[in-house]
Ligand SMILES: Nc1ncnc2c1ncn2[C@@H]1O[C@H](COP(=O)(O)OP(=O)(O)O)[C@@H](O)[C@H]1O
Ligand SMILES: N[C@@H](CCC(=O)OP(=O)(O)O)C(=O)O
């Protein structure tokens with residue numbers, strides 16, 4: 001594994017409350033200390049935090065509310081601001097800034113919004129800011145919700161281009177049965193593939209605090225694993241757990257990635273039928289093929305088709321040779337307007353900009 005890693009740490013309500021009805025600051029302080037330690041070593045940390053509803057309930061003094069979605073939204077609206085304040089305070093002890101991202105499924109399913117969120121997350125990470133993510137519970141209706149933070153953390157890991165996803169919970173990992181009912185249940189240390197037998201032993205949450213139990217953690221491991229991301233489920237109370245995961249020291253249950261992130265990306269870019277096509281000049285061909293550069297608008301000669309930002313397009317040279325497939329950073333109309341122009345002119349021509357490149361190197365697969 002390379003020296004600098006990107007790690008998503010997901011903290012379930014069970015960890016943040018330590019099984020009680022209020023946020024357990026002592027637990028959270030210790031986990032922030034571990035994150036800050038890894039951050040100082042050059043690793044990129046992304047937090048996915050649950051606990052907004054629990055924090056809201058605590059702050060309002062455990063009000064009697066009907067068991068409706070509206071009540072949960074009310075509690076989340078109050079609790080999220082408490083929660084983010086806490087993360088902010090604790091990370092600031094170490095001089096680390098955080099950036100809040102509240103997401104819903106709608107932000108991640110739409111290609112253009114996904115790209116926007118990904119660019120934003122990248123900007124935070126490039127500036128050594130720790131993204132702190134939760135579902136936007138206060139406004140998310142059932143139709144646009146991811147629904148649980150395990151699945152949300154798998155999507156956040158894909159968004160952040162993470163190497164690993166660590167799901168911290170109140171058990172030391174995935175057991176052969178729910179340890180709350182079965183004292184003889186054994187910890188499963190390594191998982192190479194997720195099958196129906198494994199799904200059958202991963203039960204729901206019975207503490208009344210968490211959402212989804214081990215079942216949603218397994219779904220998250222599956223989604224992340226297919227994207228080439230290794231997943232570990234471990235206890236938030238295990239001393240030094242975050243460093244252990246970064247250093248590949250065996251802890252909890254480890255799910256091996258099913259592919260490499262690059263393979264997964266290639267499959268996606270080649271799998272998507274191209275929505276359009278651009279022709280580039282010889283200088284751009286040389287920069288792309290020989291120097292591994294991104295494609296700038298300056299090198300674009302012609303744009304064919306009608307495509308949106310975020311869709312896959314074909315890149316051809318002047319003789320019509322198919323050179324590469326890549327993800328467009330601008331829609332077809334915008335590309336037609338900025339084709340042949342210097343990147344500094346993008347804002348002036350369009351009145352907005354999504355950065356200097358038309359197709360980024362990381363989003364391009366050369367044929
Ligand atoms: N096979 C299993 N191994 C471990 N825990 C399990 C299993 N099946 C169900 N669980 C339950 O999953 C719970 C953790 O999930 P959850 O309550 O949603 O926590 P979190 O808030 O961390 O997401 C455990 O407390 C445990 O009761
Ligand atoms: N978004 C919700 C948590 C949802 C959730 O999945 O909780 P958990 O199973 O404890 O990770 C909140 O902030 O309260």
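Glycine is no exception: its Cβ is also placed from the backbone N, Cα and C atoms.
Site annotation (TrEMBL, ligand substrate) includes 137, 149; from 50, 71, 237, 250, the additional listed residue is 50. Comparing the binding-site residues 137, 170 on other C-beta atoms within 10 angstroms of each C-beta gives the minimum for 170. Listed in sequence order, the residues 13, 49, 51, 52, 53, 76, 134, 135, 148, 152, 211 complete the 8 Å Cβ shell around the substrate site centroid, once 50, 137, 149 themselves are left out. 214 are the binding-site residues among 149, 214, 216 whose C-beta comes within less than 6 Å of an atom of ligand 1, given in sequence order. Under 8 Å, Cβ to Cβ, and six or more positions away along its own chain, residue 212 (ATP binding site) finds 147, 148, 150, 151, 204, 205, 219.
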